Amino acid sequence: LTGVLDDCLCDIESIDDFNTFKIFPKIQKLQERDYFRYYKVNLKRPCPFWADDGHCSIKDCHVEPCPESKIPVGIKAGSSNKYSKAANNSKELEDCEQANKLGAINSTLSNQSKEAFIDWARYDDSQDHFCELDDERSPDAQYVDLLLNPERYTGYKGPSAWRVWNSIYEENCFKPRSVYRPLNPLAPSRGGSCLLAFVFLFSWTGLCLEKRVFYKLISGLHASINLHLCANYLLEEMWGKPRWGPNVKEFTRRFDPIETKGEGPRRLKNLYFLYLIELRALSKVAPYFERSVVDLYTGNGHEDAESKALLLDIFRDTKSFHMHFDEKSMFAGDKKGAKSLKEEFRLHFKNISRIMDCVGCDKCRLWGKLQTQGLGTALKILFSEKEIQSLPENSPSKGFQLTRQEIVALVNAFGR
């Protein structure tokens, strides 16, 4: 790939150089650290859109949860949005302060009114989320070591995989006109994977920037996942010992210009566009992490300090990149129309995050949920610039918060 990407003033060669020599080596190291390698996920949530058609029985679909004894004490203790040692050690004080506030403010209100206020606050808190979040308190939610459960080809394919991506593209995605439906999974196939190939005929006529961006992000996510399946493919299994590695033939089938009738390069360009969006989010959220109150707490003081130093170093690199996507050009029309479009944008993406609970392969579901939450977190950041700029230095913010889950998802999605 060469040349300039659509909808931004950035060329592919500059992104390649920046990523290869600055970002990738550091983000790889960061993903290996305890704070970022353990992700809590509920892989047993039922599909909300259609009856479950059975989970993948292939052994490589299985995800091995992490034993409780292996999880760092600072990660498994306290609430999911606590990121500092002080926060993890002050649960009782926090509960007491919250009770005092409720008492002071609501002393003349009925219990029913108090409950209503709590519900409203919970609803308000959900308004900046672009994803359907797992309930981390559910007994079905388990910690997974991402390093021991890598994203790779599992053999999951067919109608179940087809239905997931068909739903995303056909029902939830702002898409160009004249879009062909995905390849029929019941037709003879030359291969298969977690995500089947789609054939599109493009015409951007009449599609505004925001809807083009939305489509490119979903296409870029699709391309990213397909790339990792091709790069980490089960090549052979001798005497029960699998050998994983790059499958060039599979990569060619999905991305070669001739094989895909010119569509493959566009898919890869959308991957670069996704990279730019998440890179922009990292540069925008830096002030949140630069505060002393944020520790990336795991209980290991030395490692926590190193993790934060490495993360801040990555932020410095992201700020040095001179060709960021300009999100200010989005939702810049009349206020009423822009607000309506932004809400449509958010609800479309939230619906896509719910569809990830319909993926029949646990490993595919894990990485689908994580990368979707990572992208949702990036969008939440890009639409919260004012809140981030007004963060207090020495106390958690009421206007903008990131849970540990969102932080882990953002870094690992960008790492992908």
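From the backbone N, Cα and C atoms, a Cβ is placed for every residue, glycine too.
On a predicted model such as this, the values are computed, not experimentally measured, just so you know.
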Disulfide-linked residue for C361, taking TrEMBL as the record, within C358, C364: C364
Of the recorded positions R152, W165, H222, R254, C361, which one sits closest to C61 (disulfide bond) when you measure Cα to Cα? C361
Argmin Cα dist to C131 (disulfide bond) over the recorded positions T154, W165, R254, C361 returns W165
W165 (FAD binding site) has its Cβ surrounded, within 10 angstroms, by a count of other Cβ atoms equal to 21
Within 10 Å of its Cβ, which one of these disulfide-bonded residues (C131, C364) has the largest number of other Cβ atoms? C364
Quick one: Cα separation, T154 (FAD binding site) versus C364 (disulfide bond), in Å? 8
If you draw a 10 Å sphere on the Cβ of C361 (active site, nucleophile), how many other Cβ atoms land inside? 26
Candidate with sparsest Cβ neighbourhood (10 Å radius) among T154, S219, the listed binding-site residues: T154
